[in-house]
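Residues annotated as domain 'ABC-2 type transporter transmembrane' in TrEMBL: 151-365. If you look up TrEMBL, you'll see 172-190, 202-220, 258-276, 288-309, 315-334, 346-365, 393-416 marked as transmembrane segment.
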Amino acid sequence: MDEPTSGLDARAAAIVMRTVRNTVDTGRTVVCTIHQPSIDIFEAFDELFLMKRGGEEIYVGPLGHQSCDLIQYFEGIERVSKIKPGYNPATWMLEVTSQAQEDILGVSFAEVYKNSDLYQRNQSVIRDISRAPAGSKDLYFPTQYSQSSITQCMACLWKQHLSYWRNPQYTVVRFFFSLVVALMFGTIFWQLGGKRSRTQDLFNAMGSMYAAVLFMGISYSSSVQPVVAVERTVFYRERAAGMYSALPYAFGQVVVELPYVLVQSLAYGVIVYAMIGFQWDVKKFCWYLYFMYFTLLYFTYYGMLAVGLTPSYNIASIVSSFFYGVWNLFSGFVISRPTMPVWWRWYSWVCPVSWTLYGLVASQFGDLTEPLQDSGVPINAFLKSFFGFEHDFLGVVAVVTAGFAVLFAVAFGLSIKVLNFQRR
């Protein structure tokens, strides 16, 4: 107990220490620091560990009845003033052992204690209790944690489930935001997805996908960062207590987002797909939901990763903003991949947004062979020549898009495991 009487009046302090004394009388050991105790509170202690500034021991031993052992020890030191009748032993003890008194007396109470019989007796007790009994074995635990990794993962997942369920400011507001954005984009790009007779029609449809991906993705990434920052503080405390390791915590944080993002992407995808007027084909509709789901998922995991790699939420938001701009630039919409300089084209292949845009456009228009009215070029040929999009490459694009979500999730787990930004 660390100063349990601080801030209390005399009566409340006496009640607290009486409770502590009753706890000790049941056979339990209580280690307690005390600040300016009264005589009654001080004499409730059995033993005293007194140190001077710097951590050197001055007295380690029993107090005795009415502090008689403590008083006898210090009064036995030459030239130390005697305690006055009725004077508080705790106050007297601090006064006679102060640095000023050491300078006046020309002694070091730490050295006096090390040369005393009390010190030798304490050292003998330490040696005796440090010696293992005959036939005993050292304590051995096969694992660092009391539960298996699977149990830790399930416990952390359930904990995150309860945390998210009790945080409607995050979950409900994000779902409502998805609906609002879906209606806004649906009305802005009303029925543009069904128009594909001219080149500009394709650009309009692609623009709706491009704007939605960045708008929704950045929103998801930014909104998850303060949540993860708060959860990481709790994780530091619970890991230090030996409750679970880093990877089960990361597992729970990552997996709990799956159903929330799924429901939100489904609600968004159905509304937008219908209002923009994309072709009602089961395969194309499923591809659209697939790419939107994993896109929102890797944006969410990227927001987590940014928090895991930085010491605070503010720094994470700054770092994230830089990559949002870079991903926007290399997405393939501002400037298509074939028209990029060769020395920058490689980055378009590692930009996750460019793969999302590839998948959305190729799944909707990559298999169409009808010619464009303004150029006479088939739609699939135009997409291949201008953007480099091929419908036959769609399977690889789907795997890579999902791979970005897995990559950011694994990187988040490793960052939580390796990096520790706790302030001491």
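Glycine too: its Cβ is placed from the backbone N, Cα and C atoms.
A TrEMBL annotation is a machine prediction, not a hand-curated record.
Packing against the transmembrane segment (172-190) from elsewhere in the chain are residues 204-205, 207-208, 211-212, 215-216, 219-220, 223, 260, 263-265, 267-268, 271-272, 274-277: each is 6 or more residues past its ends and has a CB under 8 Å from a CB in it. Within its own chain, the transmembrane segment (288-309) has Cβ neighbours under 8 Å at 212-213, 216-218, 220-225, 228-229, 232, 253-254, 257-258, 261-262, 264-266, 268-269, 273, 278, 316-317, 319-320, 323, 352-353, 356, 359-360, 363-364, 398, 401-402, 404-405, 407-409, 411-412, 415-416, 419, counting only residues six or more beyond its boundaries.
Nonlocal intrachain contacts for the transmembrane segment (393-416), taken as residues 6+ away from its ends with a CB within less than 8 angstroms of a stretch CB, comprise 232, 235, 246-247, 249-251, 253-254, 287, 290-291, 294-295, 297-298, 301-302, 304-305, 308-309, 352, 355-356, 358-359, 362-363, 366.
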